[in-house]
Amino acid sequence: MGNNIKVTFDPNKLAAWWPTVGTYYTPTTTVTNPAIFKPGIYQTTSLKNPKNQQELDAILMTRYKEIDWDNWQGFPVNQRLPVSNNNPPSGQRAETFEIKSRPIIVPGIRDIPRGIVPPQTPSNRDQRRKPTPLTPPLRDTHPHLTMKNQTGHLQGFAEGLRALTTSDHHNSAYGDPFTTLSPVVPTVSTTLSPPLTIGDPVLSTEMSPSGLLGLLAGLQVVYFLWTKILTIAQSLDWWWTSLSFPGGIPECTGQNLQFQTCKHLPTSCPPTCNGFRWMYLRRFIIYLLVLLLFLTFLLVLLDWKGLLPVCPMMPATETTVNCRQCTISAQDTFTTPYCCCLKPTAGNCTCWPIPSSWALGSYLWEWALARFSWLSLLVPLLQWLGGISLTVWLLLIWMIWFWGPVLMSILPPFIPIFALFFLIWAYI
């Protein structure tokens, strides 16, 4: 007795799969009114009957390779196979197989039935024998996975296999007098794996030349900016130190007597000098001031663009509407014009618009006027300075002319920062 191999199938479409299963022994005599196979357990006595799962795989693979895929037109789904009632040929021992489905991995195909065998006339064998143990799990790797130039034909093969699947369940089955296994429930798995594309390029984990050049360029930019930052800090440190020495910066007087160092300025103390910690303390303060200056510039830029919706403390104009109509607030939207609303107990809302530009500056100015009333005296002066722009420009030119030589030794390191600020101001 061979191993039990179970399969489930649609009886109405059984013949569609039959031509690709393998060569089985089929008697020449059939019944007058041929009937289609029904799910169950049958006998077969083919010369190529598989004795185990490996032999069945070999039969399926042989049949798969015998098919002329170039001229294959699909399965004859309207074909019906007759039920055979003849006895086995002489010298051949009848083998009983319980037909069972197992997945066979084909590119684009999954969960297809392994094979079908024609029924034979039952013999008087023992009814109470124990069932044959199940076969071990089948490996998912098959030789036909390495076949080439079959992608187009396998698509038609998958379409033919889809004709075998059905969502209906048939409960009728033929019994087997030689085994105690239950009849097979006719359910077919319709799950098809996605097509496997053959010849796709393998993704390489190595960096491409363009990516390597981009990385090197990025490192160069970072190194350039870091050197400029150090140069700016050194220039500001020199300017800060020069404020304490109007006649010129002398040599460093904080040299350590234990570790003699060469003569140097206080702005370039080596680590062995006592002035080294004071030099880096000054530069740390300089870095904080530069960061504060940058954040202030960014805040002014955002306020000028109107991206900081702040409700004014003393609105120039206001309206009173029903609270149900007052639904827009500074926290709910970022599109101009803005609307600030208050909800009094009477059920009406007092609303006023937020300035489309300099909203934060207006709020800070109003806050300062509320606490320092003398600042209101500066309003006419500021308006006057704004009205005489020519005078202001002349004053600025005179200041640059007077402090020009000193500024020219300080400003060159700041030129990249000024260019960056200009680009941010122009494009934001």
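From the backbone N, Cα and C atoms, a Cβ is placed for every residue, glycine too.
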Record (Swiss-Prot) lists N-linked glycosylation site for one of Asn149, Asn348, namely Asn348
Tell me if Pro271 and Pro309 end up on the same side of the membrane in Swiss-Prot. no
What average pLDDT does the predicted model assign to the topological domain 'Intravirion' (233-283)? 76
For the topological domain 'Intravirion' (398-403), what does DSSP give as the number of helix, strand and coil residues? 6 helix, 0 strand, 0 coil
